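**Q** Pasting the relevant annotations from TrEMBL:
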| type | residues | note |
| --- | --- | --- |
| DOMAIN | A:73-285 | domain 'ABC transmembrane type-1' |
| TRANSMEM | A:16-40 | transmembrane segment |
| TRANSMEM | A:77-98 | transmembrane segment |
| TRANSMEM | A:110-131 | transmembrane segment |
| TRANSMEM | A:151-170 | transmembrane segment |
| TRANSMEM | A:211-230 | transmembrane segment |
| TRANSMEM | A:263-286 | transmembrane segment |
């Protein structure tokens, strides 16, 4: 396999077969599992018997005829959109707030980045404790209003998904902030000065100059937040476990539950559906966001 | 160059797939053959046994292990599998990871979930079987006429824990004798300004007891056999009726106002404080009460009675802390040692075990220690005459509790609860290859 002689000197320094170790790791840990994700979805693999037989599209038909999967898909999409909105709003807000390189701002940026490196489960459990009817948040509100407050923040079948999306966004907003900060730094001082000379105020400057020029950062942040939170599991599992009444049951929580029942093939089928959904969604979203970058 | 690259990729992919293989890693034929039962004190120096336990059962074996290690020289390690325990164990076993022994719910549905015929040692002629009280010997742990699990403590019973002081203060002297008098008692209490029932829909899992106790008579009449054969379903009048009744009782206002957000901890505190008069629960609820009050206070305040539509038949539901299974690990020596540990546990070590655990003895020759609370004795007395729960008798265990919790939260109607449960049950039964699905 070694390239001999004819290839240029660069080729001799970097023979292709040097790729094999990395490639092997990639194949074993990424390619094969992905392929198996496709294969097992068409079998009857379960904890109940040792044999694995081909089952055709049986898993798909039974999954789609059952309302739970459609509900979980809906919840997942709503959750992802909410996370994308909140995480970017928070991240951009923080970036603008701490844009100047002062000593205080640097320290505060670190503080807001800390949740990003925290364990998601720990974050979930902390918020679960804070948001309990007799938790700290109600205690604080009660202290200010002087009354007994016992709002079940995680108990509403309508609003809990918004609350958990905010928790998710809170955890990751530090990362978005960092990327927006980097984006703000790349904006040329000349452009800003020109705008100032033209008499642009702070708001016009942001709306017409800085935000459009942040397009690459927006692309990255929106795409990762949206597509990343479609794979969400840990925070929601720790705060609500999919409740109340299944209104925060993300697809991954549903997969976890199905896998726990011993229905491995069905769980695999669902994760394949999730994979396809993310893929299908990724192309138009990224394409649309890239289009915005044409102003650059 | 491009071709060469493609070749390399193809070779790498092919070899990786070949290495991984396409078989189920959980498949293991194990060793089949005549089973011997070593003497309880046979020397086991140099042998290490592993027991998997859950967070609430990992200290249960302590006294047994200490005695066994001293007697035989074996080493026994308890490995805690994090909650949710059952999912964790099933996943590990499916990938080929097995302990020597594990705590496991000894019901047919859960033994099926572990693929008992493939993975577990049969315990058919175990030496301790005759020591059991006769009515408990074959109550559970058996799948397709083969015994796979050893019952070590009295199985949980679904029934009503009540606050004796609240009953007395409202002039109730006798506990209800059937479903109608049970509801009458509740309505009388409500009229007197007391919350009759407490439910914990935020933690979900106890919601199913209300439906299951209503099915006790039907269960005695073979309900679950018919469900298992797909001759009757959750949407048919019997089970649907029980779900509808539960919903009607909630709508009637017989439950605590914070039913949607109340937790397991709230439930224990509420019953003990007399904020609610009755709680439909299982033994682990009493464990929760024991963490809040001492035996004397519990004897004074808390009582238990089983309930069923026509009388006081309990519904039993053994859980993971009640029983152990021994795995086929393929290592004959360790498999024999695991059987020996069980022999000791249910043999010479049993008295120490029930003393250390302050639990009710299952054996005729072993005394129940004096410090077992009265309510637990009542629970254990009801086991002999009780009928099996869905978990004990159905071939699969669908998430009925989850759908009922959804119903309480208002996102499912009673009819949708039955439909969702039935479709999940059918899915599980089909995966098991059950006839009729």
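Every residue, even glycine, has its Cβ placed from backbone N, Cα and C.
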**Q** Okay, the transmembrane segment (A:77-98) and the transmembrane segment (A:211-230): do they have at least three CB pairs under 8 Å, pairs separated by 6 or more?
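**A** Counting Cβ pairs under 8 Å (6 or more apart in sequence), the transmembrane segment (A:211-230) reaches the transmembrane segment (A:77-98), since there are 3 or more.
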**Q** Six or more residues beyond either end and a Cβ under 8 Å away: which residues meet both conditions relative to the transmembrane segment (A:77-98)?
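**A** For the transmembrane segment (A:77-98), the nonlocal Cβ contacts are 105, 108-109, 112, 161-162, 164-166, 168-170, 172-181, 183-184, 206, 214, 218, 221-222, 225-227, 229-230, 232, 236, 248, 250.
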**Q** Cβ under 8 Å to the transmembrane segment (A:151-170), counting only same-chain residues 6 or more beyond its ends: which ones?
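**A** For the transmembrane segment (A:151-170), the sequence-distant neighbours (Cβ-Cβ under 8 Å, at least 6 residues beyond its ends) are 75, 78-79, 82-83, 86-87, 89-90, 115, 123-124, 127-128, 131-133, 135, 137-138, 141, 225, 229, 232, 235-236, 239-240, 243-245, 247-248.
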